[in-house]
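Trainee: Have a look at the structure that comes next, please.
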Amino acid sequence: MTVRVRFAPSPTGMFHVGGARSALQNWIYAKQQGGVFVLRIEDTDAARNKPEWTEGILSALDWIGIERGSYEGPYFQSSYAGEHRAAAQRLFDAGRAYYCDCTREDVQARTGSQYQGYDGFHRDKGLGPGEGRALRFRTPDEGETVVVDLIRGEPTFENKNIEDFVIARADGSAVFLLANVVDDMTMGITHVIRAEEHLPNTPKQQLLWDALGVKPPIWAHVPVVVNEKRQKLSKRRDKVALEAYRDEGYLAAAMRNYLMLLGWAPSGDREIVPWSVIEEEFRLEEVHPSPAFFDEKKLRAFNGDYIRALPVVEFIAACQPWLTGTGTVAPPPWQPEEFDPAAFAAVAPLAQTRIAVLSEIVPNVDFLFLADPLIDEAAWAKAMKEGAADLLDAAIAAFDALESWDAESLKSTLEAVGVERGLKLGKAQAPVRVAVTGRTVGLPLFESLEVLGRERALTRLRAARVRLV
Ligand code: GLU
């Protein structure tokens with residue numbers, strides 16, 4: 001039997017990091033088993049679907065390493081409406097489903113509770129299809145449904161606790177529970193690896209598999225992803241869109257490595273490992289069933305490690321979207337013609353060790369490309385205290401007199417200026433740094449001054465001094 005897995009997102013919003021995690025787990029499982037990964041876009045909720053969300057899913061998958069052309073699909077659930085209706089009809093014809101025109105209020109009035117499920121009122125009323133009539137599955141009164149789950153053992157559900165659930169609407173269209181099962185059957189899916197949120201659907205869906213006479217798949221419900229408060233990551237509250245992480249400058253390699261650590265770890269107390277190790281060592285059965293904490297701080301630290309591990313040329317290449325404002329990233333504050341690749345290359349190694357996400361490159365180097373630095377007023381107020389004017393005067397004079405404009409000479413010069421005023425180098429640097437870069441923190445100052453060049457550096461120092469008058 002060839003293993004066939006599927007990733008079945010609904011294109012109703014940005015691509016959730018939890019979805020990316022499930023996609024990767026499916027992808028690796030298929031690879032390990034010599035199987036097939038199928039992408040199915042569950043686009044039957046016409047009111048919420050948009051084609052751009054589908055495109056977003058495809059490009060986010062590309063980015064994370066599941067590339068178009070290397071999997072089967074995408075199939076679109078909406079193209080299988082005929083199969084869904086036919087399955088509903090088969091269930092009705094076989095007496096496994098019946099029509100019902102109860103409203104929610106009807107059921108509540110009868111059961112006296114808004115929490116109790118459907119009471120089976122129309123089970124044996126023999127209604128045919130018609131206006132306002134949904135099709136419900138007749139769940140068995142007895143026995144239990146045992147779900148074989150690679151992560152959770154054998155969750156067991158008593159059939160008598162499963163209500164007669166709706167499988168098709170009055171217009172004949174199938175609801176998610178049925179459409180999803182029919183598609184999995186049609187596509188020959190053998191293993192359903194999906195988020196834990198769907199576990200309550202699983203006994204119902206397995207009953208549908210049984211009723212339709214097909215052996216159910218093996219299931220694997222991967223843990224829900226939670227924030228630091230142990231709340232399920234939500235679109236409204238948390239940063240969940242894979243695209244947002246991409247545009248902020250997380251590296252795909254760091255992201256996918258991190259996502260695979262949600263509920264699982266490679267051998268030997270390691271976290272950062274080559275992807276090939278993850279592909280080799282990952283075991284779906286080893287995924288921990290309890291909620292997995294998506295720790296953005298840890299991901300950031302991870303990403304910083306990945307950035308530092310890049311060869312400088314690759315780092316420079318990776319920064320380009322943020323330097324040029326291409327694609328979906330925010331444009332930099334400078335004009336394209338102001339950008340100087342040689343100056344960037346000169347400071348790139350210094351920046352590489354200091355940033356955790358690639359977008360942070362921009363505030364670190366903008367002073368090099370803008371005609372005037374972007375002055376952070378809080379930084380200015382902090383650095384330009386008493387004595388700043390005098391220090392700047394002395395620094396301007398001493399720098400101006402330098403024969404060679406290099407980091408080392410600049411440093412020893414400013415050191416001497418500081419010593420004359422009883423200031424440590426750090427203190428002496430502050431006004432100079434703010435005058436030249438606009439900020440109190442940034443790349444090493446003297447290298448920055450060297451790359452900026454004598455004329456531009458002195459012009460900025462003089463401008464700052466004028467402002468202090
Ligand atoms: N379309 C469903 C979702 O996005 C997936 C269902 C499944 O994986 O079975 O939650």
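Cβ atoms here come from the backbone N, Cα and C positions, even for glycine.
Automatic prediction, not curation, is the source of TrEMBL annotations.
Keep in mind the model is a prediction, meaning the values are calculated, not measured.
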Trainee: Among the residue ranges 9-19, 130-140, 152-162, 295-305, I'd like the one that TrEMBL describes as motif ''HIGH' region'.
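Mentor: My reading of TrEMBL: the motif ''HIGH' region' range is 9-19.
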Trainee: Which one of these stretches, 82-86, 232-236, 282-286, 322-326, shows up in TrEMBL as motif ''KMSKS' region'?
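Mentor: Going through 82-86, 232-236, 282-286, 322-326 one by one, TrEMBL gives motif ''KMSKS' region' for 232-236.
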Trainee: Looking only at C-alpha atoms, tell me how far Cys100 (Zn(2+) binding site) is from Lys235 (ATP binding site), rounded to the nearest Å.
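Mentor: Taking the Cα atoms only, Cys100 (Zn(2+) binding site) lies 35 Å from Lys235 (ATP binding site).
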Trainee: For the motif ''HIGH' region' (9-19), find every same-chain residue at least 6 residues outside the stretch whose CB is under 8 Å from a CB in it, and list them.
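Mentor: Residues packing against the motif ''HIGH' region' (9-19) from afar: 41-43, 45, 48-51, 53-54, 56-57, 60-61, 195, 224-225, 233, 235, 240-245, 259, 294.
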Trainee: Let me know how many other Cβ atoms fall within 10 Å of the Cβ of Lys235 (ATP binding site).
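Mentor: Lys235 (ATP binding site) is surrounded by 12 other Cβ atoms within 10 Å.
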Trainee: In the same chain, which residue numbers or ranges, 6 or more beyond the ends of the motif ''KMSKS' region' (232-236), come under 8 angstroms Cβ to Cβ?
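Mentor: Answer is 13-14, 16-18, 197, 224-226, 291, 294.
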Trainee: Across the motif ''HIGH' region' (9-19), what are the DSSP residue counts per state (helix, strand, coil)?
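Mentor: Computed counts for the motif ''HIGH' region' (9-19) are 3 helix, 1 strand, 7 coil.
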Trainee: Round to a whole number and give the Cα-to-Cα distance in Å for the pair Asp124 (Zn(2+) binding site) and Lys235 (ATP binding site).
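Mentor: Asp124 (Zn(2+) binding site) and Lys235 (ATP binding site) have their Cα atoms 43 Å apart.
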Trainee: Roughly how many Å lie between the Cα atoms of Lys235 (ATP binding site) and Cys102 (Zn(2+) binding site), rounded to a whole value?
Mentor: 34
